[in-house]
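Student: Feature table excerpt (Swiss-Prot):
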type	residues	note
MOD_RES	Ala2	N-acetylalanine
BINDING	Cys62, Cys65, Cys92, Cys95	Zn(2+) binding site
REGION	121-150	region 'Disordered'
COMPBIAS	140-150	compositional bias 'Polar residues'
Amino acid sequence: MAGPVKDREAFQRLSFLYQAAHCVLSQNPENQALARFYCHTEKTIAKRLVLRQDPSVKRTLCRSCSSLLIPGLTCTQRQRRRKGQRWTVQTCLTCQRSQRFLNDPKHLLWGDRPEAQLENQADINPSEPLPNIADLPKENIQTQALNTSE
């Protein structure tokens, strides 16, 4: 289980703004300006406090106009093939900016990989300990530097 989260109130505020933008668009799809304001405020708070947002949240926000991207309502979503790979192309209907996302079932985001978790990084031990440079004569230090650079 994860430990206590730093800036818990800030993450709760970001979550509230994101949910409020979804609520506004679901109740009244014409009120995109208010939803855009909520999303822009969310991005500003996250940037000011240097907080990392989940990639799934960032993918649902337009990078230029801060609109909430909901397929069929505020954006179009198409499947394309390019150079043998499948891509999902989202185009914002407000500013016409498009984003491409790799559509590969085998692809894992870095945050979802096991080696990205802090618990797993602490368990990894180097195969052999590094020598203490203060204990070695200068000739050995130079030869070790040459061996490691090769």
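Every residue, even glycine, has its Cβ placed from backbone N, Cα and C.
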Student: If you draw a 10 Å sphere around the Cβ of Cys65 (Zn(2+) binding site), how many other Cβ atoms fall inside it, taking every protein chain shown into account?
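Tutor: Cys65 (Zn(2+) binding site) is surrounded by 16 other Cβ atoms within 10 Å.
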Student: To test your reading of the Zn(2+) site: which residues beyond Cys62, Cys65, Cys92, Cys95, same chain only, put their Cβ within 8 Å of the Cβ centroid of those residues?
Tutor: Arg63, Ser64, Ser66, Ser67, Leu69, Leu93, Thr94, Gln96, Arg97
Student: In this structure, which of the binding-site residues Cys62, Cys92, Cys95 has the fewest other Cβ atoms within 10 Å of its Cβ?
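Tutor: Taking Cys62, Cys92, Cys95 as the binding-site residues, the minimal 10 Å Cβ count falls on Cys95.
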